[in-house]
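Asks: Swiss-Prot feature annotations, pasted as is:
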BINDING   CYS109, CYS114, CYS138, CYS141  Zn(2+) binding site
Amino acid sequence: MNKETKLQVEAIKNGTVIDHIPAQVGIKVLKLFDMHNSSQRVTIGLNLPSSALGNKDLLKIENVFINEEQASKLALYAPHATVNQIEDYQVVKKLALELPEFVSDVFECPNSNCITHNEPVASNFRVFEKKGDVRLKCKYCEKVFSREIVTER
């Protein structure tokens, strides 16, 4: 693609840009941060061309800045995403994504027999890596699930 035919997504003055989200994951990230209910302008790019990923998703959220805790939750969905905080059209901070040790009240336990489905308790998982794969262990039923299984729900 040359510069004349390349489409660009409009820059934002202030807010957060989440780039390099794997294709088909952008909508999940949007819901994770409840951005779909925001009164702020949200720009969504789905299945955009990417030399590194083939296709990628992109989110730009005006006047909203995600914090380190939110970035660690994002790492479960998109471990290689980049998060840039923008002020006056300039990148002022890049957040490093690191897996959290624990994640609570974000995901539903895939085990249909888990107590979290029938009792008013928040889900709670311990997050760890095993042979390069991210796994989550439910605090209540103690079952271990791959990241993909837990985040697809």
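Cβ atoms are placed via backbone N, Cα and C, with glycine included.
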Asks: Please state whether DSSP places CYS114 (Zn(2+) binding site) in a helix, a strand or coil.
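Replies: Once the DSSP labels are grouped into three classes, CYS114 (Zn(2+) binding site) ends up as coil.
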Asks: Considering the binding-site residues CYS109, CYS114, which residue's Cβ sits among the greatest number of other Cβ atoms within 10 Å?
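Replies: Ranked by Cβ atoms within 10 Å, first place goes to CYS109.
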Asks: Taking the Cβ of CYS138 (Zn(2+) binding site) as reference, which residues of that chain separated by at least 6 in sequence fall under 8 Å from it?
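Replies: Listed in sequence order, they are CYS109, ASN111, CYS114, THR116, SER123, ASN124, PHE125, VAL144, PHE145.
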Asks: Should CYS141 (Zn(2+) binding site) be counted as helix, strand, or coil on the basis of DSSP?
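Replies: In three-state terms, CYS141 (Zn(2+) binding site) counts as coil.
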